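Over in TrEMBL, the protein carries these features:
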BINDING   A:ARG134, A:157-160, A:238-240, A:GLN244, A:302-305, A:ARG486, A:497-498  substrate binding site
BINDING   A:GLU153, A:LYS341, A:MET432, A:GLU433, A:LEU434, A:ILE435, A:GLU460, A:LYS488, A:GLU494  ATP binding site
BINDING   A:GLU153, A:ASN155, A:GLU407  Mg(2+) binding site
DOMAIN    A:230-338  domain 'Glutathione synthase substrate-binding'
2 protein chains.
Amino acid sequence: MEESVYSSYPPELSSAQQNYLVTAVKDWAIQNGLAVRPGPAILPEGIDPNGVLATNAPVTLFPSPFPRACFEDATALQTVYNELYAAITCNEQWLGKIVEDLIDVDDFVANLWKVHLAVQKEGYVQNLSLGLFRSDYMAHNSSDHAPALKQVEFNTISSSFGGLSSLVRALHTELLTSPPGSPISYPSHPLLESSTPPENTAVETLSAGLAAAHKAYGPSKSSPALPLGVLFVVQEGERNVFDQLALLKQLTGFHKIPVFRVLSTEVLNQTSIPSSNPARPLIYHPPHSPASIFEVTTVYLRAYYAPDEYKSSRDWDARTHLERSAAIKCPTVLNQLSGCKKVQQVLAEPTGPDHLSSFLSGTDSTVIAKLRETFAPQYDLSSVGQGRDLALNSDTALKHVLKPQREGEATTSTNQRFLDSCESDWKGWVLMELINPSASAKNVALRNDGEVLQGHVISELGVYGTILWDNTGKIHHNEQGGWLLRTKGKEVNEGGVAAGFSSLDSILLF
Amino acid sequence: MEESVYSSYPPELSSAQQNYLVTAVKDWAIQNGLAVRPGPAILPEGIDPNGVLATNAPVTLFPSPFPRACFEDATALQTVYNELYAAITCNEQWLGKIVEDLIDVDDFVANLWKVHLAVQKEGYVQNLSLGLFRSDYMAHNSSDHAPALKQVEFNTISSSFGGLSSLVRALHTELLTSPPGSPISYPSHPLLESSTPPENTAVETLSAGLAAAHKAYGPSKSSPALPLGVLFVVQEGERNVFDQLALLKQLTGFHKIPVFRVLSTEVLNQTSIPSSNPARPLIYHPPHSPASIFEVTTVYLRAYYAPDEYKSSRDWDARTHLERSAAIKCPTVLNQLSGCKKVQQVLAEPTGPDHLSSFLSGTDSTVIAKLRETFAPQYDLSSVGQGRDLALNSDTALKHVLKPQREGEATTSTNQRFLDSCESDWKGWVLMELINPSASAKNVALRNDGEVLQGHVISELGVYGTILWDNTGKIHHNEQGGWLLRTKGKEVNEGGVAAGFSSLDSILLF
């Protein structure tokens with residue numbers, strides 16, 4: 001069934017059809033904010049010194065077929081995943097044991113852990129944490145079963161593309177149904193005539209999570225009381241700004257909550273914690289209106305997730321400054337650390353303690369079993385055992401990938417890197433069985449420079465969830481909603497939609 | 001009163017305030033489709049060969065103060081103006097007399113008239129006409145009176161910027177009210193704290209006009225019946241495409257009417273009139289789906305308004321082809337001709353027949369008087385008389401401008417051009433008394449290359465209206481709604497927002 005769906009899809013495009021779709025998509029993208037700021041590959045240095053230009057986000061011309069059962073499993077499991085990662089974050093001892101094992105191979109993890117220890121020593125003043133998560137999956141094919149949902153990774157910081165992904169869903173839906181009454185934007189194909197992509201509430205869900213935290217913060221801790229607001233901490237030169245602005249628009253327009261964007265490099269200049277106030281409110285000083293200060297209820301990080309963002313000790317000081325404040329962090333340092341690939345591997349461990357059941361003690365065992373089924377087999381490489389055996393054998397190595405623990409390093413599909421590295425570094429990697437997506441999936445993508453690519457593709461489904469909990473483990477808000485499909489040409493190994501290597505997509509369920 | 005409003009406005013911007021506003025406006029513009037395609041001044045040749053890039057439309061950072069009484073007069077008069085120009089268009093004899101006088105000085109008018117004569121000879125098959133009009137004004141100051149509304153011109157074809165203008169109103173409103181509860185986007189100023197720009201329904205009004213025509217067309221005239229749709233005829237390389245797409249989105253999304261965009265150069269390739277069908281339905285053949293033909297109810301021209309768009313007889317053939325079809329034209333050739341500057345001057349003639357009263361025979365005389373008050377004094381230059389006297393006297397010439405009858409020629413503020421030209425060409429110009437807008441109005445504009453300009457400005461208010469009538473003079477739909485404020489630096493003489501010389505603005509009424 002699955003392969004037959006993909007085999008005739010998408011329909012061939014005549015040159016007039018392709019021109020029509022490309023023009024429609026290019027224009028729709030700019031009209032509706034499905035946009036990115038162009039990178040140096042499009043604009044040579046010196047052009048556009050004021051940074052006014054924008055281009056379409058890279059998108060597929062067609063939505064991609066995706067197995068309905070896998071999609072439904074992923075959405076059904078999201079609130080359970082939310083709870084799992086909240087519980088892990090609450091269990092500092094369990095998480096600390098994994099983290100401390102990584103300290104000597106991963107400076108970044110080591111430095112994050114130091115931030116936690118420093119704030120712990122002083123004492124945390126905020127017991128609420130907010131998670132805006134995205135769990136990423138592929139539909140795994142095996143010869144004898146229907147496609148099964150397999151998790152690629154679980155993101156606990158800066159889960160992106162909720163804003164743009166909702167727009168891609170709207171774009172494809174419009175193409176599928178236009179013109180009204182007599183749709184002819186796409187060539188005829190049974191799959192394109194039978195359905196539209198499922199609703200995508202990523203913007204509403206993620207914003208509602210931030211709004212829930214803002215509300216849970218309670219009244220101002222300053223005296224006299226200050227107006228309250230949410231802070232988005234963002235990277236300088238962010239090209240994916242319109243994705244973030246979609247959430248900001250919903251927060252200000254719908255929830256009526258003040259939101260400010262602060263560059264991560266400006267955190268120490270534009271925010272302060274009054275030393276005289278033991279509640280440690282985080283005060284925002286708008287540079288454009290220095291007299292009008294605000295108290296920050298919630299810090300939403302769209303920065304500080306990658307090692308190369310911490311260029312000096314000042315950046316670590318800024319992170320510590322935010323962490324020790326009374327603002328609710330999305331995420332806390334501990335919650336960021338719970339997203340380690342090593343955590344995934346420990347959870348997936350087939351033998352030993354049943355971590356899942358203990359973290360999800362209130363959850364039905366069939367649901368836990370369902371969640372466990374989303375784990376691809378993963379192996380520890382820190383010591384002699386099955387993982388090293390599989391990685392060192394050239395036959396079995398081919399069926400596995402090495403996933404780096406360190407953020408920013410590439411997943412690699414051979415064992416050469418592993419063999420070349422020093423044995424003491426091996427624990428910086430996790431060996432994961434290859435997920436086997438459909439071999440015949442195809443699509444056509446419009447890059448953000450306007451070039452059209454077509455061929456075989458691999459798609460990754462992301463499902464969004466938000467959760468607000470306190471450090472006793474009590475959950476105050478737990479929602480699932482919205483999704484992302486990222487589709488890349490098979491020859492490309494890494495994601496990174498904003499960089500133009502992969503495309504934003506939407507789904508037709510079958 | 002008026003001058004005091006302008007004297008302290010807008011408030012001074014610190015460099016941090018200006019940076020904040022510029023960033024906010026640049027990002028908002030792209031997120032919300034307040035965009036244009038960049039021109040060669042921004043992008044050197046060879047950059048962006050696929051035409052994916054976009055930039056913000058040029059906009060003012062602040063809304064401009066505008067006298068409330070003038071704004072209210074303009075909106076109250078719009079449906080009367082609609083009716084006036086419908087009545088002029090219906091009176092072929094009256095209009096023809098003016099046009100025939102211009103034929104020897106204006107090839108463009110001569111050729112449009114020929115199109116009408118040719119279709120008239122064959123016989124028109126559509127008795128409905130649609131107007132999407134924009135009446136442009138300035139607030140005229142005189143020492144002894146409150147500011148008075150004076151008309152600059154009345155546009156009967158391709159009245160643009162309804163789409164983007166609505167967005168500028170939304171942008172300024174958001175800046176005025178953000179963050180919610182504690183607005184600090186603008187520096188403090190009484191005018192900025194007391195109000196927001198009036199509602200701007202340009203998109204809804206203009207689209208409703210097109211939808212009214214689509215509906216009034218009735219059932220398909222083809223056998224078998226074809227699906228019906230609206231055709232936007234557009235220019236190749238149109239940079240102001242997002243303005244047009246705002247209307248298209250409303251028509252397809254809200255009214256559920258199929259809309260297609262056709263380049264004016266492709267009209268003869270993509271549309272046909274079956275010679276076997278005396279009803280002459282206009283058939284659209286989508287190049288991307290040749291088997292799915294549509295019948296065009298309404299042709300909306302966003303092209304064919306300037307002489308340089310007619311490069312060969314093929315372009316005139318295409319215009320004639322549309323004109324002789326059964327589609328309702330927005331506008332017809334006659335309605336386009338009614339927008340001649342010479343018509344304005346004849347209407348404004350203080351002596352001789354009372355054209356206004358005869359065209360608006362059903363209208364209250366006080367309303368007609370009010371409309372007449374919007375005319376600036378204008379003079380015929382075709383023969384010896386007051387106009388020539390005023391133009392040839394160097395003192396009085398300074399208080400007047402020469403308005404060219406020909407589209408595309410520049411209004412000139414000296415009489416040198418007049419004196420240099422051959423006397424037989426003088427009737428190609430109309431002499432108009434200078435309108436005297438506030439001398440102290442100022443604003444700050446963000447160009448579409450990101451440069452910030454500030455200084456004294458002149459603003460022009462446009463008010464939109466739509467009317468559907470038949471050639472017996474019966475009116476089927478007559479609405480007013482939406483406005484445009486275009487603001488330009490005082491040193492610049494000509495409009496052209498898309499070209500970057502002037503900026504889209506919104507208004508604060510005082």
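The backbone N, Cα and C atoms fix where each Cβ goes, and this holds for glycine too.
Nobody curates TrEMBL annotations by hand; they come from automatic prediction.
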About how far apart, in whole Å, are the alpha carbons (Cα) of A:ARG239 (substrate binding site) and A:GLU153 (ATP binding site)?
23
So what sits near A:GLN244 (substrate binding site) in its own chain, CB-to-CB under 8 Å and at least six residues off in sequence?
A:SER160, A:GLY163, A:PHE232, A:VAL234, A:GLU238, A:ARG261, A:ARG302
Quick one: of the binding-site residues A:ARG134, A:ALA303, A:MET432, A:LEU434, A:GLU460, which has its CA closest to the CA of A:ASN155 (Mg(2+) binding site)?
A:ARG134
Using the structure shown, find which entry in A:ARG134, A:ARG239 (the binding-site residues) has the sparsest Cβ neighbourhood within 10 Å.
A:ARG239
Would you mind reading off the Cα separation of A:MET432 (ATP binding site) from A:GLU407 (Mg(2+) binding site), to the nearest angstrom?
16
DSSP residue counts for the domain 'Glutathione synthase substrate-binding' (A:230-338), split into helix, strand and coil:
40 helix, 27 strand, 42 coil
Would you mind sorting out which of A:ARG134, A:GLU153, A:SER158, A:ALA303, A:TYR305, A:LEU434 (the binding-site residues) have a C-alpha within 10 A of the one on A:GLU407 (Mg(2+) binding site)?
A:TYR305
Just to confirm: which same-chain residues, 6+ apart in sequence, have a Cβ under 8 Å from the Cβ of A:SER158 (substrate binding site)?
A:LEU301, A:ARG302, A:ALA303, A:TYR304, A:TYR305
Which of the binding-site residues A:GLU153, A:LEU434, A:GLU460 has its Cα closest in space to the Cα of A:ARG134 (substrate binding site)?
A:GLU153
DSSP three-state call for A:ASN155 (Mg(2+) binding site): helix, strand or coil?
strand
With the Mg(2+) site defined by A:GLU153, A:ASN155, A:GLU407, which remaining residues of that chain have Cβ atoms positioned within 8 Å of the Cβ centroid?
A:PHE154, A:THR156, A:ILE157, A:GLY339, A:LYS341
In the chain carrying A:GLU153 (ATP binding site), residues 6 or more apart in sequence that have Cβ under 8 angstroms from it:
A:SER135, A:ASP136, A:GLY339, A:LYS341, A:GLN344
DSSP three-state assignment for A:LEU434 (ATP binding site):
coil
